[in-house]
Amino acid sequence: MAQYKGAASEAGRAMHLMKKREKQREQMEQMKQRIAEENIMKSNIDKKFSAHYDAVEAELKSSTVGLVTLNDMKAKQEALVKEREKQLAKKEQSKELQLKLEKLREKERKKEAKRKISSLSFTLEEEEEGVEEEEEMAMYEEELEREEITTKKKKLGKNPDVDTSFLPDRDREEEENRLREELRQEWEAKQEKIKSEEIEITFSYWDGSGHRRTVKMKKGNTMQQFLQKALEILRKDFSELRSAGVEQLMYIKEDLIIPHHHSFYDFIVTKARGKSGPLFNFDVHDDVRLLSDATVEKDESHAGKVVLRSWYEKNKHIFPASRWEPYDPEKKWDKYTIR
């Protein structure tokens with residue numbers, strides 16, 4: 001008796017179609033997953049590119065001040081892009097080195113674990129391999145450290161065309177301080193040399209009439225030291241000075257009463273002026289009052305007067321003592337008045 005096989009045939013066909021659809025569904029899922037992964041990769045690339053572009057754009061804005069030409073702008077942009085690409089490449093290289101180093105460390109950890117577990121001895125070949133791996137690891141560590149130092153030294157954002165002299169710089173400040181100290185020491189040595197130079201002082205002991213004497217002093221000596229030496233010279237000729245002390249004497253130069261604490265150096269360096277002549281010259285010329293050209297300043301001066309204070313108090317209302325006044329360094333005498 002013949003059997004009807006149509007139902008079995010249809011069932012087999014249906015099974016085949018179901019398997020085919022299942023396979024297509026799996027392929028579709030794989031395709032969707034691949035597309036999603038590609039989109040993620042593309043998004044990461046876009047983000048990197050965007051960050052890269054934003055960093056370059058920000059640096060370009062900060063380094064460009066004022067009006068610049070289009071060519072200059074393009075040149076700066078290209079330079080910044082190249083510099084940024086170098087930094088990114090170094091960063092990637094550093095990451096690769098870090099990964100290699102981690103792999104080597106992991107491998108070393110596994111080997112160490114095997115050594116602890118296994119009681120078998122290692123062959124010479126394995127020991128040599130371990131030494132080579134340690135050397136390779138040390139090489140990677142050294143290279144990674146060098147990369148980090150280079151990256152720190154060469155940071156993006158420093159434009160060599162920008163003037164940074166106003167910014168604090170420790171090395172520059174130390175160099176400036178060193179030069180300043182050298183100049184100060186050189187100046188002080190020069191001033192000490194000037195102070196040690198000898199000058200001849202012409203002075204006149206004044207008791208109503210003049211009695212000229214000369215004495216050699218150093219430019220660094222004070223008026224008190226000068227008066228002490230002048231007193232030693234004058235005592236043998238003037239009896240009223242034999243019992244006098246330095247504090248009882250006054251020194252009058254160009255109609256100004258000079259305080260005892262001032263030195264000749266003070267007047268020489270500042271080229272100080274008095275009422276009737278310069279205070280920085282202490283020799284005397286016979287033609288001090290004969291000026292051939294009134295427009296040319298003469299450096300000729302009068303002999304300074306050494307006076308007893310008691311004589312001045314008695315005669316300060318009489319010429320020439322009536323013209324004398326205390327020296328004031330703030331007061332300027334631009335024109336001399338000789339009478």
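Backbone N, Cα and C atoms are what each Cβ position is placed from, and that goes for glycine too.
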Subject >> motif 'Nuclear localization signal' range according to Swiss-Prot, out of 20-23, 108-111, 132-135, 152-155 >> reply: 152-155
Original post:
Given 1-31, 280-310, which one carries Swiss-Prot's region 'Disordered' label?
Top reply: 1-31
Original post:
Mind checking how the compositional bias 'Basic and acidic residues' (168-177) divides into helix, strand and coil residues in DSSP?
Top reply: 8 helix, 0 strand, 2 coil
**OP:** Count the other Cβ atoms sitting within 10 Å of the Cβ of Lys100 (SUMO2 cross-link), across every protein chain shown.
**Re:** 15
